[in-house]
């Protein structure tokens, strides 16, 4: 009996072990059932499109890696299915997602209305370029975490709901190219982080007063029905487009001396030198011609108007008559002066006339225009003329003056003038056409600088800019290396575009940055090549190296070396196991590497280069955890101002922006501030902005500054994953450097060379001194 039991135990043991191994794997892979139900309903509402992995019932979106799905453990946090020719509708299941943060169905053909209930956890909501109808739902007001929303290029109608009071974190809003009417709701004044607002091509009306207290940097209200004066604060917005509204006509008239106004507009006092103040002029100033206490009956006013019209008509007749008399007198005087000269020339022509010389004057003119092409001066003189700079706008260059001089006939002798005087008897020949502009000269081509305003001007043809070490890749080859930019190769995205992992046939890995069209659309091809050239000149051991580029079929891509350990942001905030590798000494070394990169950009490069987008997501880590800073030299794309729904991602983690950034000011001191924020992340292990924390701890800098010089509080701020393994003195020195970098006044922030020296001194002191504890 005992033998049988032992046999049963031996048989059951492998089965139990298999179950123990299998059950945890099932629990780890299984997607949240609520999310599964939500995505099944979404799939059915879309008409069951062909999307890899997606099914109408059940399934495991996270474990099976459905296309466009990003998960955090078992929760779906993002759905991105862009330009997939989707149809159908969104249905009523979106609100069932428990933790979703991003939804992007842009550039499809989805119709129906936007769901009346939306997931309250949404941060990014993109439905642009579809066929949605109906109005914007009032449930929008429940999205208190919303950062970016784009509903542009749809068929939406109705009025904007007055539900913006809770959307205090909204940074970008685009509802352009719809049929939305009504006025801007009063609750929009609560959008205190809104930097981009696009409402062009709608039927919106009313005034813009509700927007004047917002930190807008990009505002487009073109082709609406807005009226009234534009508030002064809006006129100072760096990118403000407002054509195609009734108040534009008022603005034009207000700066003109024309006596009448458009009948469809309320009369406004002409003020040629006075800008709009945002407040309408007082009633007694609106029509200076009116008498304030004059008769109010219609007869009195009509008689007054008729008198004014009669007097005005009489004045016009007198002016016209006077002008006619004056012109007649001038013509008579001119005829009297010219008659004697014509008579003398007629006598000369009758005495000596040589028919073969009639065209002498014309021939001399044609010498300067052979076959319609201007003849340039001799080579010796041409060199001097070509290098003559334009003195100021509107002034012709010296070469045009020389061409004009060549176009005129050369002086001729008295006898020659007698020979050709017969031409005066005939109508004067029409003047020769003005010479076309000189042919393009390589030395006159000016390519605008793109790294900073002081970069030396390239004097080469924009059609062919030589590249020394940067390889050109075709779009076809990059599609092959990235598997057609597959979702599984997406390793990051930002305001300038998305980054994909590319594997070459030899197995080597690269990172391909596919620039968003809205980030580079204002650059011509030759300007992009110039950008590539300038980035190629940035060479430093702590800066990601550019190895190639692509500019084909309206696509712009940059190919960089690949960093296997991802970004510092991911290492600190997304991977707890990886975070344990980041000892105190490693973090100090990372800060030093990033500081050296910025020191090189600010103080070694000539002219200096401002990064403008420094954050932990742009600090990459290689195999040895050495720091490589990315996106160096791309500031011209950031400042181009053509980034719409992606433009706010620079500020999505709002804590990186220096205080002066709200005023549109960005200098090297702003980079120093952002570097200080990254040092704070290294110190505390916290994100620069964390909405999930309590209100007083959401902004890292605001929370940390009061504690940096408090020894007791400083110890509590340190990242718990360090387990107390850090020298107390080193910690204090590290905090001092941070405090100087994040000063609110730019002039009090240190040079990056000073930061590098301070970090080196801190490391030397630690090596030669005795710390309170030893770092790993």
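Note that Cβ sites are derived from N, Cα and C of the backbone, with glycine treated the same way.
Under 8 Å from some Cβ of the topological domain 'Cytoplasmic' (30-35) lie the Cβ atoms of residues 59-63, 71, 74-76, 96-100, all in the same chain and six or more residues away from its ends. Annotation comment: Swiss-Prot describes 30-35 (among others) as topological domain 'Cytoplasmic', evidence class sequence analysis.
The annotation transmembrane segment is assigned in Swiss-Prot to 36-56 (among others) on the grounds of sequence analysis.
Taken from Swiss-Prot, the feature topological domain 'Extracellular' covers 57-316, and the record attributes it to sequence analysis. Per-residue pLDDT, averaged over the topological domain 'Extracellular' (57-316), rounds to 78.
As annotated by Swiss-Prot, repeat 'LRR 1' applies to 99-120. Outside the repeat 'LRR 1' (99-120), and at least 6 residues removed from its termini, the chain residues within Cβ reach (under 8 Å) are 32, 35, 46, 70, 72, 75-92, 126-140, 142-145, 150-151, 156.
DSSP labels the residues of the repeat 'LRR 2' (121-143) in these numbers: 5 helix, 4 strand, 14 coil. Here Swiss-Prot flags 121-143 as repeat 'LRR 2'.
Per Swiss-Prot, repeat 'LRR 5' is recorded for 193-215.
Sequence annotations record features per position, and here Swiss-Prot assigns repeat 'LRR 6' to 216-236.
According to Swiss-Prot, the region 'Disordered' annotation covers 251-311 (among others).
What Swiss-Prot records for 254-268 (among others) is compositional bias 'Low complexity'.
For 298-309 (among others), the entry in Swiss-Prot reads compositional bias 'Low complexity'.
Summarising the annotation, Swiss-Prot assigns transmembrane segment to 317-337 (among others) and lists sequence analysis as the type of evidence.
The topological domain 'Cytoplasmic' annotation in Swiss-Prot covers 338-776 (among others) and rests on sequence analysis.
Feature annotation from Swiss-Prot assigns region 'Disordered' to 355-440 (among others).
Per Swiss-Prot, compositional bias 'Basic and acidic residues' is recorded for 381-407.
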With DSSP helix as H/G/I and strand as E/B, how many residues of the repeat 'LRR 1' (99-120) fall in helix, strand and coil? 0 helix, 4 strand, 18 coil
Across the repeat 'LRR 6' (216-236), DSSP labelling yields 4 helix, 5 strand, 12 coil
